[in-house]
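Colleague: For 2-234, the entry in Swiss-Prot reads domain 'ABC transporter'. The ATP binding site feature in Swiss-Prot is assigned to GLY34, LYS35, ASN36, GLY37, SER38, GLY39, LYS40, SER41.
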Amino acid sequence: MIQVENLSFSYQNNKVFKNLSFSIKKGEYLCIIGKNGSGKSTLAKLLAGLIFKQEGSIKISGYDTKNQKDLLEIRKLVGIIFQNPENQIINTTVFDEVVFGLENLATPRENIKEIAENSLKSVALLEYKDRLTYQLSGGEKQRLAIASVLAMGTEILIFDEAISMLDPVGKKEVLKLMKELNSQGKTIIHITHNRNDILEASEVMVLSNGEIKYQGNPYKIFEDDEFNPFLIKIKNILEKNNIKIDDKNINMEDLVRLVYENIS
């Protein structure tokens, strides 16, 4: 469904990606994880067709993001939910929020009510359809943003740090919904910096400095020392101080003190 080949992208003369290649199958639940600045959000926008001045190719169900005509189809197929739902919804009723997007797509008027209600039902918000959007909780606002995306006929949903600002209840609600949508055949791409978010995914991609360090089983992230953030910090401290762990002349007390002073 998604094929990325030799993707390179620069922002303000800084190389974000260089020759990135990967594929995402239809109906997959992929979690993309990485530190701030690793290129996760840029990749999300590229996949959604919001940025398209790149080298290499991105094809979504055969549509090419570099083709202006194809971009219109891609933006119907791919929906993106951002970190702050306040930036995606307007101050109106829950029902009218979904209707607004459908009207912009020139959806036949006789179909709008049914599509909007079905979308709200799919995210358990139909009973709130007459409520004003500002009265919703954070989790409910994200579910409304998802409903608006689903109403467009979206097959691929990208969640760009979409649960990072929610309270525990809201996070649980949205994660459950993501899993349900995936079980219905939707392709889910969940972008996060929190390793605990990846366990529901069928596959995980680790991004670091614009490169794919790993793509595969999410449980490897917890098992492999290469992805242990504590061990990575220690390794960076040693490298910064030109210390090799197999050096027989290392004073262990000095080493422990050095790590303790720099590990925060």
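From the backbone N, Cα and C atoms, a Cβ is placed for every residue, glycine too.
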Colleague: Can you name the residues of this chain that are 6 or more positions from SER38 (ATP binding site) yet have a C-beta less than 8 Å from its C-beta?
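Modeller: The list for SER38 (ATP binding site) reads LEU207, SER208, ASN209, GLY210, given in order along the sequence.
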Colleague: Could you pull the average pLDDT for the domain 'ABC transporter' (2-234)?
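Modeller: Average per-residue pLDDT within the domain 'ABC transporter' (2-234): 88.
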